[in-house]
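**Student:** I am attaching a structure below and will ask some questions about it afterwards.
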Amino acid sequence: MASDTKHGTVTCLLVLGVLTVPVASVYTLTDSGGLGARFDGVGGLSGGGATSRLLVSYPEPYRSQILDYLFKPNFGASLQILKVEIGGDAQSTDGTEPSHMHSAADQNYTRGYEWWLMREAKQRNPGIKLYGLPWAFPGWVGEGQAFPYHRPETTAGYIVNWILGAKSVHNLTIDYVGIWNERVHDVKYIKTLRKTLDDNDLSHVMIVAPDGGWVQISKDIMADPELAAAVGIIGSHYPGTHSAPMAQQTGKTLWSSEDYSTVNNGTGASCWARILNQNYVNGHMTSTISWNLIASYYDDLPFPRSGLMTANQPWSGHYEISDPVWVTAHTTHFTAPGWMYLKGVGHLDGGGSYVALTDGKGGLTIVIEAMTHQYSQCVRPLLPPYSVKSGQAATFQLGGAFENITRLNLWYSKLIGSQVVHFQSKDPVVVSGGKFSIEVDENCLYTLTTVKQDQPKAYPKSPASAPFPLPYKAKFDGPADSSEAPYFADQTGVFELYVNESSSDHSRTLRQNVTERPIVWCNDADAAISVIGDYNWSNVSVSCDVMVESGGGAFVGARVDHGGCDVSQARGVFFWLLEDDTYNWVVSSDINRNYILGQGKVDATVVGQWHTLTLFAKGDNTAGSLNGKLLFDITDAQLPTTKGFAAVGTLGFQKVQFDNFDVDKAK
Ligand SMILES: *[C@@H]1O[C@H](CO)[C@@H](O)[C@H](O)[C@H]1NC(C)=O
Ligand SMILES: *[C@@H]1O[C@H](CO)[C@@H](O)[C@H](O)[C@H]1NC(C)=O
Ligand SMILES: *[C@@H]1O[C@H](CO)[C@@H](O)[C@H](O)[C@H]1NC(C)=O
Ligand SMILES: *[C@@H]1O[C@H](CO)[C@@H](O)[C@H](O)[C@H]1NC(C)=O
Ligand SMILES: *[C@@H]1O[C@H](CO)[C@@H](O)[C@H](O)[C@H]1NC(C)=O
Ligand SMILES: *[C@@H]1O[C@H](CO)[C@@H](O)[C@H](O)[C@H]1NC(C)=O
Ligand SMILES: *[C@@H]1O[C@H](CO)[C@@H](O)[C@H](O)[C@H]1NC(C)=O
Ligand SMILES: *[C@@H]1O[C@H](CO)[C@@H](O)[C@H](O)[C@H]1NC(C)=O
C-alpha cells in the first residue's frame with residue numbers, strides 16, 4: 001500500500017468542519033427528486049491485443065498477487081467488468097491472440113490466456129461482469145472476402161460459439177458481447193447476432209455496439225426499432241467525457257467501452273480519475289473501461305505501460321502497482337454495478353467534478369476529483385483548456401434518504417507533486433444537519449462514503465526489476481499454462497505448443513498454425529513472426545531448429561525493431577530457409593525480403609525435414625549457418641538496425657515447427 005511520503009504531512013487534505021465557510025459553494029445531494037442512471041461498473045480490457053501476454057508466465061506467488069490487485073474485492077483496483085478480446089489470429093495492437101476456430105471445422109476453447117484470466121477474475125469476484133469483443137477474424141469467416149459481414153450467419157455463429165464455449169468448457173457466463181472493434185458496424189449483422197444469441201438461450205447476453213463512434217449507430221437505432229431492440233448498450237471509445245446528443249436521444253445506456261490508453265504514472269492516474277467521474281457528469285456514460293487492464297507486454301511494443309498497472313517481467317517476478325489502480329479503488333471499493341447515480345452531480349465551481357451513488361438502501365458514496373489540465377491529459381482526445389482552483393471549499397448538503405447521515409468515511413489520494421499519497425483512509429467526516437464542508441485541492445481525489453472498509457494490506461514489494469536473462473533456451477516441452485510458449489509474443493500468425501507423440505526427437509515443438517491470412521484489424525506482415533527478449537539486444541546469436549511442414553519457409557531473426565501494427569515494416573537481420581529452386585537461403589534486413597544482404601543455394605531438402613538455423617549479429621557483422629555449416633559472414637556498415645528483439649517466423653501463413661530455440665550474447 002502506498003502511503004505518505006516520509007515528510008508525512010498531507011497538504012492536500014483539510015476538512016473544514018461542519019459549519020459552512022462563507023466562501024464555500026454548496027452542492028445538494030438528494031434522492032428526493034428521483035435518481036440518475038444505473039451505474040454499470042469500472043472495467044479493464046485484456047487484449048486488443050495481447051496486452052496480458054506475459055502475465056500468465058509469472059511465477060507464484062507473484063501471479064496471484066497481481067490478479068488480487070486487479071480483481072479481489074476491496075483490495076486493489078477491484079474491477080467490476082473484465083472485457084477481453086475474442087482472439088482472431090491477427091495483430092490487434094501489441095500482438096496476436098489465437099482464435100477458438102482457426103478453421104470452420106476447428107473448435108478449441110483452451111487457446112490463449114483470456115479464458116484463464118476470466119476464470120481467475122471470477123474466482124476472486126463472482127460478481128464481475130464479462131464482455132467479449134473481436135478485433136480480427138480468421139480468414140474463413142469472410143467466406144472469400146476480407147470482411148466479416150459477408151455472411152452474417154457465419155460470423156454470428158462464430159461469435160456465439162465463443163460464448164457457448166465459455167460456458168461449457170469454463171463455466172463462464174458472458175454478460176456482454178461487441179461487434180467489431182473500432183470498425184464499421186453492420187445493421188443486418190447486429191440483428192443476426194441478436195437472433196443467434198436468442199436462439200441459443202443467450203438472451204441475457206447484451207450487445208454493445210459499435211465499440212467505435214456515437215453517431216452512425218445512434219442514427220441507425222433511431223431509424224430502426226428492430227435494431228434498437230437488438231442493441232443493449234451504445235459503447236463509444238475515447239469519448240473525451242462527452243457523448244453525442246443523438247446517442248442520448250436513443251434512450252440507450254451509454255458506455256465509454258474503451259478509454260484511457262495513457263502511461264500509468266501520475267498523469268495517467270489523473271486522466272483516469274478525471275474521466276471516471278466526468279464520463280458520467282458530462283456524457284451520461286455509466287461504465288468506463290480501461291485499455292488496457294494490465295501492461296503485460298514488452299515495453300518496446302506500442303503504447304508501453306498504458307495499463308492500470310505494469311507486469312511485464314515474468315522472469316524476475318517484478319511488477320508495479322501503478323497509480324491508476326488506486327484511482328480505480330476510489331470508486332470500486334464503495335460501489336457495485338446496480339448502484340444508482342444521484343441527480344445533481346456535476347462540476348465544482350472552482351473546477352473538478354463530483355459524482356454520488358447510492359445502493360438505494362441509504363448507502364452513499366461521493367467521489368470528488370480536482371485534476372488540473374496540465375496533469376490529467378489522456379493520450380486522446382485533445383483536452384480543451386480549463387482551470388482548477390487550488391484549495392476550493394465545497395459544502396455538501398445531504399437530503400432525502402441521506403438526511404440523517406452523521407459521518408462519512410474518507411479516503412483520499414494526491415496524484416501529483418512531491419508528497420504523493422495513494423488511497424489512504426482518514427478520520428471520518430462529521431456531518432451535521434446533513435451538511436459537511438471540505439477543502440478540495442488540485443490533483444487530489446476524495447471518496448466520502450457510508451461504506452466501511454479497513455485500509456487494505458499490501459503484499460510485500462515484488463522482486464527487483466531485471467533484464468531478460470541470457471542465455472535463454474526454449475525446448476517447448478511444457479508444462480504449458482497456455483497454448484503459447486512463455487515469453488514469445490506473436491506479432492503475425494499464431495505460434496502454438498504442439499505435441500507429436502510419434503516423433504522421437506521433436507515430440508514437443510512450437511508450431512505456427514494459421515494457414516490463411518486473417519480478416520485483419522491492422523497491418524499484419526505477410527510473414528508470421530513471434531518476437532522474444534529484449535529490444536536492447538544488439539550483439540546476439542539466435543539459433544533454432546525449424547521444420548517447414550509442407551511449403552514456404554522459416555526464419556530466425558535478430559535486432560527486430562518493430563512489432564504491433566507496424567510489424568510489416570520490421571527491419572533487423574532475418575535469416576531465411578526457403579522452399580525455392582533458385583535461392584533456398586536468404587539473409588535480409590527486413591521482414592519483406594526487399595533488402596537482401598546475401599542469398600544462395602544449399603544442398604538441403606527444405607520441406608518435411610528438421611534443420612538448425614543459427615544467426616549471429618555483432619556490430620556491423622552478421623553470420624549464419626545451416627546445420628553447423630557456415631553460409632554467410634557479412635560485414636556491412638549498412639546493417640539497418642543496431643538493436644531489437646530476437647524472433648522466429650515463417651515465410652507466409654504456413655505450418656512450420658520450431659524446436660530448441662537458443663538465444664545468447666554473441667561471443
Ligand atoms: C458454475 O458457476 C456457477 C456460478 O456462476 C456455480 O454456481 C456453479 O457451481 C458452477 N458449476 C460448476 C460445475 O463449477
Ligand atoms: C508521465 O509520463 C508521460 C509520458 O512519458 C510524461 O509526459 C509525463 O510528464 C509523466 N507524468 C508525470 C507526472 O511524471
Ligand atoms: C431522519 O430522522 C427523522 C427523525 O428521526 C425521521 O423522521 C426521518 O424519517 C429520518 N429520515 C430518514 C431518511 O431516515
Ligand atoms: C486445444 O488446444 C490446446 C492448446 O493448444 C491443446 O493442448 C489441445 O490439445 C487442443 N485440443 C484439441 C481437442 O485439439
Ligand atoms: C492448429 O490448427 C488446427 C486447425 O486448423 C487445429 O485443429 C489444431 O488443434 C491446432 N493446433 C493446436 C496446437 O492448437
Ligand atoms: C510427427 O512425427 C512423425 C515421426 O517423426 C513425422 O513423420 C510426422 O511428420 C510428424 N508430424 C508432424 C505434423 O510434424
Ligand atoms: C533499453 O535501453 C534504454 C536506454 O538505455 C533503457 O531506457 C530501457 O529501459 C532499456 N530497455 C529494457 C527493456 O531494458
Ligand atoms: C556490439 O559489438 C560491437 C562490435 O564488437 C561493439 O562495438 C558494440 O559496442 C557492442 N554493442 C553492445 C551494446 O555491447
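Glycine residues also receive a Cβ, built from the backbone N, Cα and C atoms like all the rest.
Any TrEMBL annotation is an automated prediction that lacks curation.
The active site, proton donor/acceptor annotation in TrEMBL covers GLU182. According to TrEMBL, the active site, nucleophile annotation covers GLU258. Among the features that TrEMBL reports, domain 'Glycosyl hydrolase family 59 catalytic' is placed at 39-332. According to TrEMBL, the domain 'Glycosyl hydrolase family 59 central' annotation covers 341-453. Residues or ranges marked as domain 'Glycosyl hydrolase family 59 C-terminal lectin' in TrEMBL: 490-665. Taken from TrEMBL, the feature signal peptide covers 1-25.
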**Student:** Taking the Cβ of the residue listed as 'active site, proton donor/acceptor' as the centre, how many other Cβ atoms fall within a 10 Å radius?
**Tutor:** 15
**Student:** Distance between GLU258 (active site, nucleophile) and GLU182 (active site, proton donor/acceptor) at the Cα atoms, whole Å?
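**Tutor:** That separation, Cα to Cα, works out to 10 Å.
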**Student:** Taking 10 A as the limit, how many CB atoms besides its own sit near the CB of the residue listed as 'active site, nucleophile'?
**Tutor:** 26
**Student:** How would DSSP class the residue listed as 'active site, proton donor/acceptor' in three states?
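**Tutor:** Coil, per DSSP.
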**Student:** If you average pLDDT over the domain 'Glycosyl hydrolase family 59 C-terminal lectin' (490-665), what do you get?
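**Tutor:** On average, pLDDT over the domain 'Glycosyl hydrolase family 59 C-terminal lectin' (490-665) sits at 96.
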**Student:** Summarise the domain 'Glycosyl hydrolase family 59 central' (341-453) as counts of helix, strand and coil residues per DSSP.
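**Tutor:** Helix/strand/coil tally for the domain 'Glycosyl hydrolase family 59 central' (341-453): 3 helix, 54 strand, 56 coil.
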